[in-house]
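According to Swiss-Prot, the GTP binding site annotation covers Arg17, Arg70, Thr101, Lys163, Arg266, Ala267, Arg268. The [4Fe-4S] cluster 1 binding site feature in Swiss-Prot is assigned to Cys24, Cys28, Cys31. Here Swiss-Prot flags Tyr30, Gly74, Ser125, Met197 as S-adenosyl-L-methionine binding site. What Swiss-Prot records for Cys261, Cys264, Cys278 is [4Fe-4S] cluster 2 binding site. Here Swiss-Prot flags 8-244 as domain 'Radical SAM core', drawing on sequence analysis.
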Amino acid sequence: MTAPMQDRYGRPLRDLRLSVIEACNFRCGYCMPADRVPDDYGFDSQQRLSFDQLETLVRAFVSVGVTKVRLTGGEPLLRRDLPSLIARLTAIEGIEDLALTTNGTLLARQAVALRQAGLRRITVSMDALEPALFRRMSGDRGEIAQVLTGIAAAEQAGFQRLKINCVVQRGVNEDQVLPLVEHFRGTGHVLRFIEFMDVGSCNGWTPDAVVTSAQLHERIHARWPLVALDANYTGEVAQRHAFADGAGEVGFVSSVSVPFCGDCQRARVSADGHLYTCLFASQGHDLKPALANGEPALATHLRQRWSVRGDRYSEVRASVPRRGKPVEMFLIGG
């Protein structure tokens with residue numbers, strides 16, 4: 001592997017978020033609201049990168065410094081025969097961590113196959129425990145029982161330390177914070193609370209809808225005292241805190257209130273092969289022409305694109321007007 005490339009601010013590229021499908025079986029309001037995204041939304045399957053293309057793309061990213069790959073969507077478990085892609089990616093030398101983010105509804109039937117294929121970690125999105133609220137937040141498409149069954153199946157398949165992500169919106173699900181903590185304390189899984197972010201243009205974001213990590217920390221700490229932990233690695237987005245009684249840990253992702261642009265080492269690629277160097281980007285770069293020329297040519301192209309990267313949207317959110325229409329979260333996996 002050659003030396004890792006760096007962008008204009010000296011940030012290397014270590015982490016690839018790879019969307020394998022743009023479709024989703026949920027219609028969550030903060031990502032893919034039902035009143036803005038039709039039920040039949042999705043690319044023609046011919047527009048999606050094939051497994052051969054995805055493997056070549058990942059090999060090129062690894063050759064320029066990527067060590068962590070996370071498969072996203074949409075809902076990645078909707079992609080047919082996903083375990084076979086995972087098996088191919090697992091065989092790539094240099095990948096230290098291969099993970100997947102899912103809403104969990106299809107996990108029960110696929111957990112064993114995912115584990116056998118070589119997937120190392122799973123993150124499950126779960127914004128409420130209360131069944132009626134969960135159903136409503138999913139656009140009347142999901143049941144919390146399905147997700148909990150999926151988590152149990154993942155445990156049985158050998159995934160012992162899942163991450164559970166909850167996006168907290170004021171007036172929507174902030175009353176679910178303590179019940180979620182109580183449910184996952186002591187299970188070995190890591191619950192992470194994510195500030196509601198202005199990703200895309202269809203989620204109706206306003207600053208008033210944000211419950212900050214500091215506010216969430218105060219609420220949880222009053223019930224279960226917390227102790228701050230060091231980050232596991234440079235660029236880790238979640239601020240880690242352990243329960244003082246030893247019942248595990250909880251994390252806070254504070255992109256709005258405490259931006260972490262300075263340590264961002266991530267690139268995102270959509271299912272149709274467009275590179276986004278920031279979650280809040282308004283323009284992607286089509287990688288398919290370079291991809292068609294093979295892995296070495298794509299690697300050279302990636303170095304060129306990353307070297308001019310200057311994204312730091314969250315740090316300048318309040319002072320610099322946004323230009324262009326931002327990419328939707330469901331295209332690049334959050």
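Backbone N, Cα and C define each Cβ position, glycine as well.
Distribution of Swiss-Prot features across the structure.
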residue	record	Cβ within 10 Å
Cys31	[4Fe-4S] cluster 1 binding site	23
Arg70	GTP binding site	21
Gly74	S-adenosyl-L-methionine binding site	28
Thr101	GTP binding site	21
Ser125	S-adenosyl-L-methionine binding site	22
Lys163	GTP binding site	17
Met197	S-adenosyl-L-methionine binding site	20
Ala267	GTP binding site	24
Arg268	GTP binding site	24
Cys278	[4Fe-4S] cluster 2 binding site	21
Using an 8 Å cut-off from the Cβ centroid of Cys24, Cys28, Cys31, can you name the remaining same-chain residues around the [4Fe-4S] cluster 1 site, in sequence order? Phe26, Arg27, Tyr30, Met32, Asn103, Ser138, Gly139, Met329, Phe330
Cα-Cα separation of Gly74 (S-adenosyl-L-methionine binding site) and Lys163 (GTP binding site), in Å? 18
Neighbouring C-beta atoms (10 Å sphere around the C-beta of Arg17 (GTP binding site)): 21
Secondary structure of Met197 (S-adenosyl-L-methionine binding site) (DSSP, helix/strand/coil): coil
Argmin Cα dist to Tyr30 (S-adenosyl-L-methionine binding site) over the binding-site residues Thr101, Cys261, Cys264 returns Thr101
Met197 (S-adenosyl-L-methionine binding site) to Cys28 ([4Fe-4S] cluster 1 binding site) - Cα separation in whole Å: 13
One of the binding-site residues Cys31, Arg70, Thr101, Lys163 has its Cα closest to the Cα of Cys264 ([4Fe-4S] cluster 2 binding site), namely Arg70
In sequence order, the binding-site residues (Cys24, Cys28, Cys31, Ser125) whose C-alpha falls within 10 A of Arg266 (GTP binding site): none
Say you check the Cα of Cys24 ([4Fe-4S] cluster 1 binding site) against those of the binding-site residues Arg17, Cys261, Ala267, Cys278; which is nearest? Arg17
Counting other Cβ atoms within 10 Å of each residue's Cβ, which of the binding-site residues Cys24, Cys28, Cys261, Cys264 comes out lowest? Cys261
About how far apart, in whole Å, are the alpha carbons (Cα) of Ser125 (S-adenosyl-L-methionine binding site) and Ala267 (GTP binding site)? 20
